[in-house]
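In Swiss-Prot this protein carries:
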type     : residues      : note
TOPO_DOM : 1-24          : topological domain 'Cytoplasmic'
DOMAIN   : 22-224        : domain 'Cytochrome b561'
TRANSMEM : 25-45         : transmembrane segment
TOPO_DOM : 46-53         : topological domain 'Lumenal'
TRANSMEM : 54-74         : transmembrane segment
BINDING  : His55, His127 : heme b 1 binding site
TOPO_DOM : 75-91         : topological domain 'Cytoplasmic'
TRANSMEM : 92-112        : transmembrane segment
BINDING  : His93, His166 : heme b 2 binding site
TOPO_DOM : 113-128       : topological domain 'Lumenal'
TRANSMEM : 129-149       : transmembrane segment
TOPO_DOM : 150-169       : topological domain 'Cytoplasmic'
TRANSMEM : 170-190       : transmembrane segment
TRANSMEM : 194-214       : transmembrane segment
TOPO_DOM : 215-229       : topological domain 'Cytoplasmic'
Amino acid sequence: MHSMEVGLVPAPAREPRLTRWLRRGSGILAHLIALGFTIFLTVLSRPGTSLFSWHPVFMALAFCLCMAEAILLFSPEHSLFFFCSRKTRIRLHWAGQTMAILCAVLGLGFIISSKIRSEMSHLVSWHSWIGALTLLATGGQALCGLCLLCPRAARVSRVARLKLYHLTCGLVVYLMATVTVLLGMYSVWFQAQIKGTAWYLCLGLPLYPALVIMHQISSSYLPRKKVEI
């Protein structure tokens, strides 16, 4: 009869160096795409030529850059601030999300003003409807994050459960923002400037950071939180 040792946990298999570098490379690429795509939309919009021209600029800053970077802050492999403490990264996360909300509000204001000046109807496309829902969900996420920042003042009793909700809903909000961006590429404004193969390339660019963020949250954080609860 073989003796069995109780309480021992087998050591996890060491990750191959190539796999580790590929994971890091995917994170770097996500940062570059988030920044590059934002710059691309800014140049394409030619800000200042009209009220509408500011709408894609601020929305790209809000969701393609600020929100993406605020989420990637917590990645152990993809964060640009991996050397900072968790407390510092939480503050940076709040700064990034605050910037995202401010830019989103400005983008919303410009599109409303443009519609009013042009005497055009509001909320007549899937892009506008999903975008409006994304803005509402972003506001809800901000309130949830505020409760986590000050749990005693908000009288939160189950912080771990609220963190899980915040993580899950945050991923949903970012995916909603990605869908809104993709729907914007079907607009007359975008298709009049970008056509053919370039249009399909642009359609795929926002999906890459979304996949990286989805993998980050689902594989490295959510399982642990479920165990804690």
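Our numbering is plain: 1 for the first residue shown, then up by one each step along the chain.
Here the Cβ of each residue, glycine as well, is placed from N, Cα and C on the backbone.
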Rank the binding-site residues His55, His93, His127, His166 by the number of other Cβ atoms within 10 Å of each Cβ and report the first-ranked residue.
His55
His166 (heme b 2 binding site) versus His55 (heme b 1 binding site) - Cα distance in angstrom:
27
What average pLDDT does the predicted model assign to the topological domain 'Cytoplasmic' (215-229)?
64
